[in-house]
Amino acid sequence: GQLPTWLQGILIRNGPGMHTIGESKYNHWFDGLALLHSFTFKNGEVYYRSKYLRSDTYNCNIEANRIVVSEFGTMAYPDPCKNIFAKAFSYLSHTIPEFTDNCLINILKAGDDFYATGETNFIRKINPQTLETLEKVDYNKYLAVNLATSHPHYDSAGNVLNMGTSIVDKGKTKYVLFKIPSSVPEKEKKKSCFKHLEVVCSIPSQSLLHPSYYHSFGLTENYIIFIEQPFRLDIVKMATAYIRGVSWASCLAYNKDDKTWFHFIDRKTKKEVSTKFYTDAFVFFHHINAYEEDGHIIFDLIAYTDNSLYDMFYLKNLGKDFEENTKLTSIPTCKRFVVPLQYNKDAEVGSNLVRLASPATAVKEKDGSIYCQPEILCEGIELPRINYDYNGKKYKYVFATEVQWSPVPTKIAKFNTQTKEMLHWGQDHCWPSEPVFVPSPDAKEEDDGVVLTCVVKGDPQEAPFLLILDAKTFTELGRAIVNVEMHMDLHGMFIPEQAVKTETV
């Protein structure tokens, strides 16, 4: 096929790549050592490159020829010579463990630089052209967070907004929203933008010792949306996991009888909206988009009725008959919530406060809280992406992978949130990755552009490829076949040519 001549830049993808080191194996697919890979588009041609992230975790493991740094689903024991008392003492002396810098989930842009990110307090700077690993950044040096999401937002000025969890800091556990500026004052050019990082606000956790797990958050023009779900980390269990010989993943628990709380923070005043909004228990990883309309906040996300998705990816479940044998017990469901921020305070108890034409409801309860029920937009899609120019604004299109009952994507989908129409691309034994939308330079409409996805074949003898689809029609424009073993990955970013600092490669 043919590539559009305007498509110039680098698609970088991140995900777990190495699961065996020496004789030792990770327990979970999400634990594998980070493997970066990139497709560089230049004058109608595509160049491929891949490289392991040379994190401290990678270096320690490779040097020891076994897993010595713990990951979320795999507890490692660094020094087999230490007796149990020395181990216990060294562990109890720092209740919150030192986390891994195996940043295997996504790519973050801060200032002119790019970073590989995971969900701990560490991120690693990378060179987007060579994929070389550069310095390590510890968020904890700039603010008290132990965990941070891999799905930041970017405002119109290029500043990064992200969220992290601060565990039992000064007797409080809270969720912290912070901002990394896109540039630093001229006289401080040598300093990193992280030195100017600022805390926007914090939200106290409902429970000191059971903070909610979250993978992403939402953003509209005037509000930050944070969802506290009943999928929680048990800090006491986490602090003793090492001694008990269990993984941190075993310290996560979902309570299906609990509520899911919605928090809305005004971006100007940095204060939380005082009304309590909630819905039924669910587990979710990905927000899609959010916007405001006539005094309401509308937000879309992909939710599950249980936490089986995480369990699916234990390596013991990923055998050769994986597609046939592994079935989700909860199908991913695309839900739209409509939340009335401005409503009649004298409305009757039991009345629906949503004034827009929508099947979603928000019902006033006796205690003044508001119980929200969503509209179901569609089922069976995950890893959603949008045209980011429409982030926080009214939008139509979601580009996503289609998963149905197996957690491995089999198709790419384009879903129209307004008409509910869906377009697909799929072929037998093809497993596509998260689709990335790249707008064309003179785009007039939301779907003017291309969709990029890496496709791994079910048969290891068949070569994987990068697929380029016309985002409007979902027809194939071309594919770049890569004659190497390519891994399924998680998330990534397209960096336009002009955003790549030209360094000598």
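Placement of Cβ uses the backbone N, Cα and C atoms for every residue, glycine included.
Annotations in TrEMBL come from automatic prediction, not curation.
The Fe cation binding site annotation in TrEMBL covers His151, His215, His286, His491. Spatially close to His215 (Fe cation binding site) yet at least six residues away along the chain are Glu119, Thr149, Ser150, His151, Phe284, Phe285, His286, judged by Cβ distances under 8 angstroms.
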Same-chain, non-site residues whose Cβ lies within 8 A of the His151, His215, His286, His491 Cβ center for Fe cation are Ile105, Asn106, Thr149, Ser150, Ser216, Phe285, His287
Going by C-beta under 8 A and a gap of 6 or more residues, the same-chain neighbours of His491 (Fe cation binding site) are Arg13, Asn14, Gly15, Ile105, Asn106, Ile107, Ser150, His151, Leu383, Glu434
The number of other Cβ atoms within 10 Å of the Cβ of His286 (Fe cation binding site), counted over all protein chains shown, is 21
